[in-house]
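Participant: My questions all concern the structure below.
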Amino acid sequence: MFSWLARMALFCLRPMRRYGRMNRDDDDDDDHDGDSSSSGDSLLWSRELERHSFGDFSIAVVQANEVIEDHSQVETGNGAVFVGVYDGHGGPEASRYISDHLFSHLMRVSRERSCISEEALRAAFSATEEGFLTLVRRTCGLKPLIAAVGSCCLVGVIWKGTLLIANVGDSRAVLGSMGSNNNRSNKIVAEQLTSDHNAALEEVRQELRSLHPDDSHIVVLKHGVWRIKGIIQVSRSIGDAYLKRPEFSLDPSFPRFHLAEELQRPVLSAEPCVYTRVLQTSDKFVIFASDGLWEQMTNQQAVEIVNKHPRPGIARRLVRRAITIAAKKREMNYDDLKKVERGVRRFFHDDITVVVIFIDNELLMVEKATVPELSIKGFSHTVGPSKFSIFLS
């Protein structure tokens with residue numbers, strides 16, 4: 001039986017709009033871990049399998065919002081690969097800005113320092129944050145609500161056999177490696193490489209309270225959900241200028257984002273948590289995904305799906321599995337949910353972006369593997385040359 005919300009959504013359907021820039025999901029394979037859908041999802045875009053210097057990658061995006069707020073990219077070069085997942089909120093402006101600028105900042109800083117490092121990642125995040133706040137300053141007179149637009153930002157780089165990850169927000173990078181379980185070495189094990197900067201976690205709430213001891217409303221339980229200042233769940237982001245600088249405060253005509261008291265210090269941070277790992281022979285792949293995926297499945301469930309299925313289309317498979325789970329929560333199946341158009345579909349699941357980077361260990365030893373130097377943007381047919389060539393040449 002459909003829930004009342006599902007019935008309402010299906011009753012209110014308008015004709016589905018199509019996009020020239022989006023690949024229609026035409027997969028008819030009914031082996032999708034419980035997804036027995038018989039036709040494609042017009043809001044699901046993917047690239048099945050591409051090469052990078054150290055293996056393959058697969059990327060998929062599904063739209064739920066009226067205007068998609070997730071942006072993403074994969075940059076491949078001879079001897080390096082870059083992944084970015086940018087989960088926007090309040091609008092697409094911040095995530096789009098990150099997609100257009102962060103990688104260029106990273107290449108500029110890395111070229112100046114002759115290496116890709118944790119410090120280079122931090123500098124790229126800082127430059128991106130300052131650039132977006134400058135954009136907000138220029139445009140907030142005409143568009144005040146741009147001050148309430150922000151984005152989570154998750155990036156990963158593999159270079160010289162090392163994986164570097166930087167993150168603000170609650171997107172995740174999860175490693176799949178062959179570990180031991182009861183003396184068996186053939187079990188895939190999930191290891192979360194990032195921290196969730198989300199007020200749902202007690203340690204995040206404690207951190208905020210310690211940083212703001214004079215503010216009894218720094219975190220508020222609202223309708224069963226912990227929110228910072230009663231407004232937002234993530235504690236770190238790019239953007240969200242109104243929670244960082246008093247000059248961007250919003251007046252009472254925007255009650256959702258109006259703060260009763262002027263900011264004394266930034267409430268949110270754009271400082272990333274950075275992680276470095278020298279890749280081991282047991283490391284098989286990394287899943288980079290926005291929180292729309294992790295709302296529907298655990299880290300271990302995700303790595304097991306990747307491990308037991310063929311590489312081509314694996315990111316799409318993860319997205320479809322997440323949508324199937326979301327549909328079941330509303331007493332629907334995937335075929336029903338595919339009839340729900342963008343905007344209304346946000347009641348059922350978030351925009352979801354998934355990138356799976358496979359690691360072929362023998363290629364880590366190759367100085368410069370010959371692969372196409374490509375720049376691929378999620379949810380877009382546009383493919384161009386990567387700026388990695390500037391740094392790596």
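Heads up, the Cβ atoms here are built off N, Cα and C, so glycines get one too.
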Participant: Can you tell which of Asp41, Asp56, Asp291, Asp335 Swiss-Prot lists as binding Mn(2+) 2 with Asp87, Asp350?
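Facilitator: The one candidate that Swiss-Prot places in that Mn(2+) 2 site: Asp291.
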Participant: If I take the alpha carbons of Gly88 (Mn(2+) 1 binding site) and Asp291 (Mn(2+) 2 binding site), what is the distance between them in whole Å?
Facilitator: 11
Participant: Within the same chain, and leaving aside Asp87, Asp291, Asp350, name every residue whose CB is within 8 angstroms of the centroid of the CB atoms belonging to the recorded Mn(2+) 2 site, in sequence order.
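Facilitator: Going along the sequence, the neighbours appear as Asp70, Cys152, Asp170, Ser171, Ser290, Gly292, Leu293, Glu295, Asp351, Ile352, Thr353.
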